[in-house]
């Protein structure tokens with residue numbers, strides 16, 4: 001990897017993701033207010049994962065998460081004794097991820113929270129704090145050091161002096177945080193302050209934090225006028241304005257309530273606003289660019305694309321370019337077939353019990369041509385796990401599935417999708433069931449964001465209303481991730497809540513799904529008819545993922561198919577056993593679930609028998625008494641073996 005100085009000399013743009021503090025607070029692993037990065041010690045794997053997300057979005061740099069890991073902040077929360085360990089662990093994680101991807105790794109120091117202009121005691125204290133963090137950055141093998149978010153020119157100059165004195169020759173990037181005027185807190189014009197820092201030896205100077213894209217460009221132009229070398233700009237992604245130029249001064253739209261720090265989401269920039277900023281920053285000649293507090297990966301990817309950098313392709317980009325996205329699904333059935341998952345309950349225990357097998361199946365599907373690694377979180381929702389007594393494992397199961405999927409996707413440069421599905425509890429018009437469903441979607445969507453998903457698949461909905469609820473939840477809690485929403489067409493061209501399948505998809509498309517369509521339920525022979533209706537109604541990309549079963553005009557879905565004859569494998573095993581066959585098995589075409597049946601007929605204790613079918617736990621065909629709080633659907637079989645679902649007019653929920 002070329003050094004920072006070499007890249008800058010060659011005219012390269014450096015794309016940088018910051019904002020770790022806000023992102024971990026948003027994800028629930030860091031306290032707002034004190035903003036101390038305890039997560040480095042408490043959840044190092046999550047720090048590593050966020051570095052990976054930011055690289056995936058286009059960052060050229062892994063910034064060690066040592067922001068506010070200084071003595072003053074840690075003393076404030078009673079963790080001063082952890083300061084060296086926290087810094088060194090953050091640097092170790094950053095170095096590991098940077099080396100893995102061939103990226104630069106930067107150490108990080110910031111405003112001290114104690115510096116006062118002209119107060120020698122605070123100056124010495126600040127300098128001592130900078131010294132120890134700079135020395136740790138050197139020990140941690142940083143490629144350069146970022147000194148940032150200084151309101152005072154004097155403190156920024158002190159930080160640069162510390163890097164030059166104790167940084168063992170490492171380059172310094174020094175950025176100021178511009179607040180309400182074009183002057184620093186110690187009354188130096190921003191452009192002049194940056195010029196002085198440049199002349200004092202900073203290889204990059206400029207702005208970060210404080211102002212959002214709409215109000216930082218004015219200040220950036222002043223920096224560009226005064227400085228000859230590379231300049232930096234990393235605003236916060238919030239919609240600041242002339243009256244409220246910083247995110248500290250923003251109010252919640254339509255109110256006088258302060259937005260900072262807990263209500264800033266109401267002021268978040270759109271993708272188009274981020275793109276506008278990137279174009280303006282590029283035109284000014286900004287060579288070190290990114291976003292600070294509040295940044296999400298999809299924001300950074302937009303900047304990367306404006307600058308012509310090759311971030312991994314997004315789903316939206318591929319769709320826009322007319323690419324076909326090949327997607328392998330069916331993990332539930334495949335693991336049941338292989339003997340690692342129970343038919344009926346269909347809960348993906350295999351994620352925790354045999355993670356290497358999940359990894360291997362992702363590899364198989366990629367080998368077969370899939371462009372996407374779909375995290376195996378289908379039916380890993382609260383209702384299903386409660387049904388099998390494993391509700392306490394829900395977060396671990398989801399996060400492990402997402403971790404595995406992200407690892408394999410990164411290895412093969414594929415997209416990784418989070419996955420939510422029908423809740424098994426939703427009922428139209430039943431507010432309690434609707435709220436429970438939304439809560440289930442919310443937690444899985446938030447885990448998908450934490451797990452670094454590139455987009456989220458919401459699938460197998462029989463009801464338009466539930467699909468719309470899933471999309472709404474992705475938009476609300478998905479941090480801007482694109483949504484693919486698919487319905488499961490059953491016996492008619494209408495959803496279970498009586499919306500024409502084409503109309504349902506059209507509404508979902510207009511509500512913001514980037515792909516809509518059909519999955520599951522029908523096989524290849526019977527899914528084309530509803531697919532034509534979807535194509536007629538929708539303008540954008542449509543999806544179709546049927547089940548690979550021989551459905552027909554009389555038996556439209558795989559739920560309604562009947563077995564030609566009897567259960568052949570079980571019958572064979574019984575007959576062979578009765579004859580006294582002592583050496584028994586299956587040959588070409590055998591699958592594990594077939595073999596398990598023979599083993600069970602012979603009363604052998606195969607490990608796979610723990611995953612023998614439990615159809616009584618299925619949400620449609622199962623024992624309704626097990627779902628008495630929410631299960632009000634009746635499965636009605638008619639003479640041609642098809643089924644329809646009917647809703648009890650007297651809901652059990654009150």
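Here the Cβ of each residue, glycine as well, is placed from N, Cα and C on the backbone.
As annotated by TrEMBL, domain 'Hcy-binding' applies to 2-307, 313-602. What TrEMBL lists as Zn(2+) binding site is 209, 292, 293, 520, 587, 588.
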Arithmetic mean of per-residue pLDDT over the domain 'Hcy-binding' (313-602): 86
So how many other Cβ atoms are close to residue 520 (Zn(2+) binding site), meaning within 10 Å of its Cβ? 25
Just going by other Cβ atoms within 10 Å, which of the binding-site residues 209, 292, 293 has the emptiest spot? 293
